[in-house]
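A quick write-up on the structure given underneath.
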Amino acid sequence: MWVADEIGNSLTVLDAAANTVVTTLTGIQGPHNVQVGQDAATVYATSVGTDTVVAIDADTYQVRATGQTGHHPAHVIEAPNGKVYVANADDGTVSIFQSQSLQPLGLIEVGGMPHGLRAASDGSVIVVANHMTGALDVIDAQTDQMQFSVPVGDGPAQVAVSADGRYAYTGITEPAAVVKVDLDARTVAGSVAVSAAPVQVYLTPDNATVVSADQGTPDAPGHAVSLIDTATMTVRTTVATGAGPHGVVIDPAGTLAWVTNSYDNSVSVVDLAGQTVSVTIPVGEGPNGISYSPRTPGSSTPTVALDLPAPAAVTDEDGSAESPHQPGHR
């Protein structure tokens, strides 16, 4: 299990079986999101502070490659087609790289502020949550061309996509709700109110339940995840977590969900059948993205410094130095 500690400038590696911290990787500036690759041997992380994506060996914690992204790289995925996609929130683009080597392959213009993205497991589409335009942007994973957009409401930050690419789910902020989108019909198929403004959403392997991390805001933080029936779009129950639940991931068996609490610097482990938190794990400061790995973690050395190249200065459009990014979706 990998956690992106954005304020702490670190990645926390967890043992998912023991629910303990194995090691902390330091030296990455503003990691907003982390994603275990298709073969689980490589882990990808975005660095908001340096406008880069980093490929890390999951066993040795050595940096395999880095790639220059657009401004403010938010989320990263490795799709079934063997390509890595990074949503550049401040550029309105999605960068494409070859997996592992991070050789640049192209750029997709989507406009607005693309934030989260996920691919259908059948490899058909990649769906992007566009935080500024209030829409889901759908990309053909074979041609890397944007196909269409579906308006959903204010502030979508991340998506979950059904295995067959038929449905997508996303959270909106005003009002706080989770929306179901029929990608074939290109329309909203349902929605349900949740406990606070949601950030990440994640589907169980059977596609029957979507788990929504209801973060809220720093002034009015959420303290729960919502478990939603995807067929009826009703909330089955809410499970209390720490403050500001942001990221969520589910194991392949569909039994456990791990949730980052961005205002509590912790991860809650949710027993989905029992609908309770079984354990809370302290991690680094400002945890956001989280990704499950089936591999046994590598070295148990408490801290490992990532060997990253010296970053170029990241500046705002007016040329001034950019202030550190605070966690959350923007």
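Using N, Cα and C of the backbone, Cβ positions are placed for all residues, glycine too.
These numbers come from a predicted model, not from an experiment.
According to TrEMBL, the feature domain 'YNCE-like beta-propeller' maps to 29-202. Residues annotated as region 'Disordered' in TrEMBL: 285-330. Sequence annotations record features per position, and here TrEMBL assigns compositional bias 'Polar residues' to 290-303.
This prediction places the mean pLDDT of the domain 'YNCE-like beta-propeller' (29-202) at 97. DSSP states for the compositional bias 'Polar residues' (290-303), grouped as helix (H, G, I), strand (E, B) and coil, give 0 helix, 3 strand, 11 coil.
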